[in-house]
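Now, the feature entries from TrEMBL:
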- ARG59, GLY60, ALA61, ARG102, GLN211, ASN262, LYS263: substrate binding site (BINDING)
- CYS172: site 'Transition state stabilizer' (SITE)
- ASP252: active site, proton donor (ACT_SITE)
Amino acid sequence: MNDSGSISASSVPRSLRWEDEEGGELYILDQTKLPGEVVEERQDSAEQVWESIRQLKVRGAPAIGIAGAYGLVIGLKPLVDLDLREFLTQAERIAAYLNSSRPTAVNLSWALNRMLAFARSNAEKAGTSAVLYKLLVGEAKLIHAEDRAICRGIGESGEVLLNEGCGVLTHCNAGALATSELGTATAPMYLAFSHGKRFRVYADETRPLLQGARLTSWELKRAGLDVTLICDDMAAYVMSKGLVNLCIVGCDRVAANGDTANKIGTLGVAILAKHFSIPFYVACPSSTFDFATATGADIHIEERSAEEVTSFGARETAPKEIKVMNPAFDVTPHELISGFITEKGIVRPDYRKNLERAFR
Ligand code: MRU
């Protein structure tokens, strides 16, 4: 916290960083190494950025959108001597390639489409690929800067939900590490905390990759919040003890009817919240609403490798050749969601009508 009592950028970790020297360099905080090692890795090619997104070195819907935008720029950096038409063709190719790294979070395609639309509409004005490259760097930086402001807006919208002394449960990591700065689900927590409210956060560990244990509990503890780590299968117990007054989670894609894809296990939390009459909120930027997807049934759920489930860290925890399912996300039906905390305020049902009115 800074002297004015507000959360400053130094209170939270930085998931990725752009440096302007040498035509621009992208650094990502390698989240696969957290919390043991805090290591940044320079990204030298679109292929490296693709791998970093795929391996979850950079992860979380808004952060992979930002990484995708910078990744496109990194891929175009050696191509500035091409003529403009060829440069644009290469931009389309690299964007499609980066978009194939992870399918569920709509923010990735949203950011890449925005970059491509910007490239097309500014090509003539730029005159050369080298000038267009510089303009594209500016657009990627703008996406990054806008996300910071959006996270703060989500925090301002959601802060009111946190009452003094309450307990809030979150799942996975929709924190600073998943975005540019304050996170989505965590933004109301960071702001409420910086304004003097005291409350307890319960972080689900989030098997199989432990984003709650490795990332959420790390970043909240680092900022001074009261955070308690629980295994995913303890959420019902903690709720039954009356310790949770509110759930806030992030999301990767919201369909037009409000059905919401988020980290596997979110659906279970929402069902439990309903059982215990606990409000269940989803926090997200407007870029996560996908009006082209009618319902949750149309959302492509990423299936990840079996090894993530059959081992715990370096240790094998399942028999060889066991059959495994490993969906990375699930879909929470809109009727289980009390509201969407967005940079434009909290949107409540009827979602089909109210989301369209607010964001389309
Ligand atoms: O597989 P991950 O770690 O990228 O999954 C992340 C989540 O599910 C987050 O809750 C979501 O992306 C929102 S991030 C603000």
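In case you wondered, yes, glycine gets a Cβ from its N, Cα and C as well.
Overlay of TrEMBL feature records on the structure.
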| residue | record | contacts (Cβ under 8 Å, 6+ apart) |
| --- | --- | --- |
| ARG59 | substrate binding site | GLN31, ILE53, ASN173, LEU177, ALA178, GLN211 |
| GLY60 | substrate binding site | SER15, ALA105, ASN173, ALA174, GLY175, LEU177, ALA178, THR179, GLY250 |
| ALA61 | substrate binding site | ALA105, VAL106, ASN107, LEU108, ALA178, GLY250, CYS251, ASP252, ARG253, CYS284, THR288 |
| ARG102 | substrate binding site | ILE53, ARG54, ILE64, LEU108, GLU302 |
| CYS172 | site 'Transition state stabilizer' | ASP204, THR206, GLN211, GLY212, THR216, VAL249, GLY250, ASN262, LYS263, GLY265, THR266 |
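A Cβ distance below 6 Å to any atom of ligand 1 is met, among the recorded positions GLY60, ARG102, GLN211, ASP252, LYS263, by GLY60, GLN211, ASP252, LYS263. For the recorded substrate site, residues ARG59, GLY60, ALA61, ARG102, GLN211, ASN262, LYS263 set the reference point as the centre of their Cβ atoms, and the other residues of that chain within 8 Å of it by Cβ are ILE64, ALA105, CYS172, ASN173, ALA174, ALA178, GLY250, ASP252, ALA328, PHE329.
In this structure the residues listed as binding substrate are ARG59, GLY60, ALA61, ARG102, GLN211, ASN262, LYS263; their two most distant Cα atoms lie 17 Å apart.
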